[in-house]
Amino acid sequence: MQEKIRLTQFARHGGCAAKIGPDTLSRVLGRLPKFSDPDLIVGFETSDDAAVYKITDDVAVIQTLDFFTPVVDDPYTFGQVAATNALSDVYAMGGEPKIALNIVCFPGDLDPDILGEILRGGADKVREAGAVLVGGHSIQDDVPKYGLSVAGIVHPDRVYKNFGCKKGDVLILTKQLGSGIVNTAVKAQMASAEAEQEVIRVMTTLNRKAKEAAADFTVHACTDVTGFGLLGHCSEMADASRAVIEIGVEGIAFMHGAKEYAEMGLIPGGAYRNQEHVSGLLDAGEVGEVYVDLLSDPQTSGGLLFAVPENEAADMLRAFARADLGTEVSVVGRVLDDSADRPCIRLRDKVEVI
Amino acid sequence: MKEVDARGLSCPEPMMLTEEAVKNEKGAIRVLVTEPHQRMNVEKCARDHGRKYTSTEIEDGFAVVIE
């Protein structure tokens, strides 16, 4: 019998931890020519999750693509995770996914049935999202990679941007943090079965329900928390909104084992790159080092981070509870200022919010 | 002194080797790694086990001596 293939053995970095570091990216992208178009609602200047282009007064199209190397060993699960992650960019813009195309890199000498399972996992998630999968593109490569290009739609007036949070806003995150660290522990064969099950469940949960439950509320800013970690994505939001964001680390939901594994040193390299990137904006106060590690941990298929007015936050939390997201929702902090000369992120043990 | 040469290995292999060595070896251990973040992870592992350590830069990476 053929030995069972462990997909993660092919990848130096798995999932969103494979992302090129934010410092390198901003240096390279800064040299590209600027594009402008009166109907382009969201371009790449603000490092948002996807492009949004207005077609009519009622419809804008969202275009995104996302792919990465294996983050789990099981091919079907890897397909699910990669597709869930790619679809998330559409939800993070407030949209509804409509069309998906596969992006595939796969070694010519690996069993094609493994690829079949990866694609089946992806297709099942596209179906669950209510979109259609209509083909794609594949090439031979030594390291397997999979993802989707997704087109979605949104009303031009209901586009969620990753900036625009206002003083007094409450920041709500719809999934628990820790997937980069827990996946590292799984790869090191040091994770508990409970932690492994939880990280897979979280990474394969679509952000669809969270986005739909948020529809009745005022959303000043939204992004999905992925490769740059909570701190990286918060710093983008703070910087572009000129905001001072205060995060209360003790109120944040983390995956089982994440804190323990971080203390053991099972931290992906991407977390340290993320820390370097935010160092100019970060005031870590007196919080323990482990929280800085957890908050900079690159998330694969992470949750949506919403900035909502304080008087709507409690109702939004109730709406998420009713929607039964299947993940842990937490209040991560609040916006102290939105016209700051020096935008920043302050970490505190506790933040009194609601 | 026991030596763990994890240079050139990708994560989390250096941590698997360090964790095993720290658990089984009560005396000093010298861990060699290539990347700065691997050095920090090895230091965390030492702290987690209540062990003291000193780190130095070497030609092709870092040496962490865990007491």
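Glycine too: its Cβ is placed from the backbone N, Cα and C atoms.
Keep in mind that TrEMBL annotations are predicted by a computer and have not been checked by a curator.
Sequence annotations record features per position, and here TrEMBL assigns active site to A:CYS16. Sequence annotations record features per position, and here TrEMBL assigns ATP binding site to A:LYS19, A:THR46, A:SER47, A:ASP48, A:ASP66, A:ASP89, A:GLY136, A:HIS137, A:SER138. The feature site 'Important for catalytic activity' is assigned by TrEMBL to A:LYS19. The domain 'PurM-like N-terminal' feature in TrEMBL is assigned to A:48-154. If you look up TrEMBL, you'll see A:ASP49, A:ASP89, A:ASP224 marked as Mg(2+) binding site. What TrEMBL lists as domain 'PurM-like C-terminal' is A:166-339.
All chains included, 16 other C-beta atoms sit within 10 angstroms of the C-beta of A:GLY136 (ATP binding site). Averaged across the domain 'PurM-like C-terminal' (A:166-339), pLDDT for the predicted model comes to 96. A:ASP89 (Mg(2+) binding site) carries a helical DSSP state (H, G or I). A straight line from the CA of A:ASP66 (ATP binding site) to the CA of A:ASP89 (Mg(2+) binding site) spans 8 Å.
When the Cα atoms are compared, A:GLY136 (ATP binding site) and A:ASP224 (Mg(2+) binding site) turn out to be 24 Å apart. A Cα-Cα distance of 27 Å separates A:ASP224 (Mg(2+) binding site) from A:SER138 (ATP binding site). Comparing A:ASP89 (Mg(2+) binding site) with A:SER138 (ATP binding site), their Cα atoms are 22 Å apart once rounded. Of all the Cβ atoms in the protein chains shown, 14 others lie within 10 Å of the Cβ of A:SER138 (ATP binding site). According to DSSP, the secondary structure content of the domain 'PurM-like N-terminal' (A:48-154) in residues is 35 helix, 43 strand, 29 coil. A:ASP89 (Mg(2+) binding site) counts 26 other C-beta atoms within 10 Å of its own C-beta, drawing on all protein chains shown.
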